[in-house]
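Here is what TrEMBL says about this protein:
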- 1-246: domain 'G-protein coupled receptors family 2 profile 2' (DOMAIN)
- 27-47: transmembrane segment (TRANSMEM)
- 67-85: transmembrane segment (TRANSMEM)
- 97-116: transmembrane segment (TRANSMEM)
- 153-174: transmembrane segment (TRANSMEM)
- 195-215: transmembrane segment (TRANSMEM)
- 221-244: transmembrane segment (TRANSMEM)
Amino acid sequence: LAAAISVSCSASVILTAALFPTMRKKLFMQIICYISLADMVGNALYIPPNRPPNGSFACSLEGFINLYAYPVSWLWTTVLMYFLYNLALQGKLPLSLPIFHGICWGIPFVFTLLNLTTNSYGRSDDYPEYEVCVLSGNYESGTIWHTITYDSLWLFCIVLMGYMYFRILCLRASDLAISVEQFTLATKTLGKYPIALFVFWFPHMLSVFLLRAILWKYNMVDYYVASLVVKILHGVATALIFFFDSSEARYLWHELFKRTIKQVFPAWRLCQNADDEDARSRESSVDPSRWGDKAFSLTYSVDDVNRKNPNIPTFVFHPRFSTGDPEG
């Protein structure tokens, strides 16, 4: 359930960029979309209730995707923090992202390929009934590669972002920030994403770095499952931060919903009115006396004329009433 909710929230951020060109052109919007895309792919692996068997191609593919998607999210969050740091230090941002695309998409891909050299993708020993395929604990090299290419990469990103955030606080305290207005706005919005990454991933990484022996010894399943859920909810946190801080995104979605309702609801009302008119028309044709003697006599006189003159079209007149049917 947590994975499905997280995937839906991440998809809403991606749809914002896909549906609204003004949002898609924004540099920070693009980076947030990359973060949400990586989270969505990684969290989607937790939705199926059944895990593929160890040693199967599906398990290897699942492990490859899992160890690729999440590091992409970490690195793009680090790039976001770097842009915030650069904005505070120099008052400007890079005009393009090609080098950052190479870093954020390329480094995790190289690391996942390195893991393949030992054929170590498979079921994890860390509660395999809950965890997806990552690096199998059956191989000693699997634990080593997991520490180097996954755990240490997260720690590196956290330390680097922490350093940049500390430098930003020093700049703000000493009034050395070049663009004070942009800097203040950026710290109130963009600075939340690195904090969310640390808060939602720290419990899970704590079990990896420090508590693995304790978890196995005391069978602390509840803590491990809770840390997985919190890790998955990082996608929800990213979406909430985005929509809470972006008034433009909220306005665009509000206008889209309003236009959709105006287009759908009036059409539904017109269909209902047409059905009601048809029902009243059928009812009046069956019992014309309900409209009074005048209507009945008028109808009778016209029908009488038409019986004498069959070439004249038949018209039925009712005072103050029209069926809207040209054949009535």
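Positions of Cβ are set from backbone N, Cα and C atoms, glycine also.
Curation plays no part in TrEMBL annotations; they are all automatic predictions.
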For the domain 'G-protein coupled receptors family 2 profile 2' (1-246), mean pLDDT (0 to 100): 80
Intrachain residues whose Cβ lies under 8 Å of the transmembrane segment (67-85), provided they are six or more past its termini: 27-28, 31-32, 34-35, 38-39, 41-42, 93-94, 100, 103-105, 107-109, 111-112, 115, 134-135, 146, 149-150, 153-154, 157, 160-161, 164-165, 167-168, 186-187, 190-191, 193-194, 197, 234
